[in-house]
Amino acid sequence: YVYLPLPGAVSDPWKLMLLDATFRAVQQTCHLIHYLRLSHHLIVLNYLICTFDKLKSVSSEDIKITDAVFDGVEVRVFEPPAKGDESLKRSVVYIHGGGWALASARTSLYNNLCRIMAESLNAVVVSVEYRLVPEVCFPEQYHDALRATKHFLQPDVLAEYSVDPSRIAISGDSAGGNLAAAVCQQLSKEENLTVRPKLQALIYPVLQAFDFNTPSYQQNMNMPVLPRYVMVNYWIDYLNGDYGLAHELLVNNHTALNVGRALSFRARLNWTSLLPPSFKKSYKPVVQATGTEAIVERLPALLDVRAVPLLADDATLARQPPTYMLTCENDVLRDDGAMYARRLERAGVPVTLDHFHDCFHGCMIFTVWPTDFSAGVKTRDSYIKWLFENL
């Protein structure tokens, strides 16, 4: 495969090329194990990631780290020490990425991110350890994230952790950003909640499976570390589909003009009106006149707003909290975030769109040697700065 970016296209290009080549080699090994019917490739891949990267729950002088269970869902809690006469702290519920199938709140990449957040913000950070594909598929990851968040938002639980009920943010990256957005939307509909999040902060989130030919999907279809076909396969795994559907999804046959169930959603994801010219460039929409309605019948979650938050109606969007949206130019998901930000703005929600021209998908968690990227430090610091100023 020859699709790596030219030097200068992203920050630390050669390091990114090495990371991508390593990850692809590991993936190929895992697929071979799957082919031999020894185990599911995602189980093997996640086992390798967590085996080499897992940290024990060890507290330090600065941050207390404990593992707990919130309404049946495992979480890792990061608590900074009390400072002076401060009685209550702000808090962030964080949902990790990994295509709904990989990584963990306990891996060093996310452990390090949440520790730095807790230290920098003097905040209690709750990192959700939701169940993964293939153990479970949609909607179980969503249910795990929602249950853990609602448990934490109970006044007695917040009091246990000395958290200020008026200063709580919901956040996540990539697939975790998808879950964070879906959780925020559901929380906004529940009338009996006494505590609601003040903010949501979404890091290069995956928000739609309606159009796999947005300008960013076309521009970055072969970009490390998330080429387009890999993102499509993550969706298929999450929705418990068949890889044989991948090609039809790639050409948007599932949302063709003759697919009646998709028609009512088309205006909510019209990137020609939602994206700025600098994102649209000269790309053209890919809209099939005739497609395959059976795809949506087999995978109805393709149009389920719990899986696809970008398809939510305007009334739901108007109830969302002030939002931070981080996007990267060299990322197939750039336009997912940009379109959601624009729709939220149109619904009257204050939005900060923080776009990075030389960064790539997943960069924010890569800040520690040997996968230390300047892009990771830059995006992480900007994200934490916004939380510090607004939470």
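Heads up, the Cβ atoms here are built off N, Cα and C, so glycines get one too.
Per TrEMBL, the features are:
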DOMAIN    92-250  domain 'Alpha/beta hydrolase fold-3'
ACT_SITE  Ser174  active site
DOMAIN    303-364  domain 'Alpha/beta hydrolase fold-3'
ACT_SITE  Asp331  active site
ACT_SITE  His361  active site
Legend entry - Cβ neighbour count (within 10 Å, all chains shown) around Ser174 (active site): 29
Inset, instruction - Mind tallying the domain 'Alpha/beta hydrolase fold-3' (303-364) by DSSP state, helix then strand then coil? - result: 24 helix, 18 strand, 20 coil
Legend entry - Pairwise Cα distance for Ser174 (active site)/His361 (active site) [Å, integer]: 8
Legend entry - For His361 (active site), nearby residues of its own chain (Cβ under 8 Å, 6 or more apart in sequence): Ser174, Tyr204, Met223, Val225, Leu226, Cys328, Asn330, Asp331, Val332, Leu333
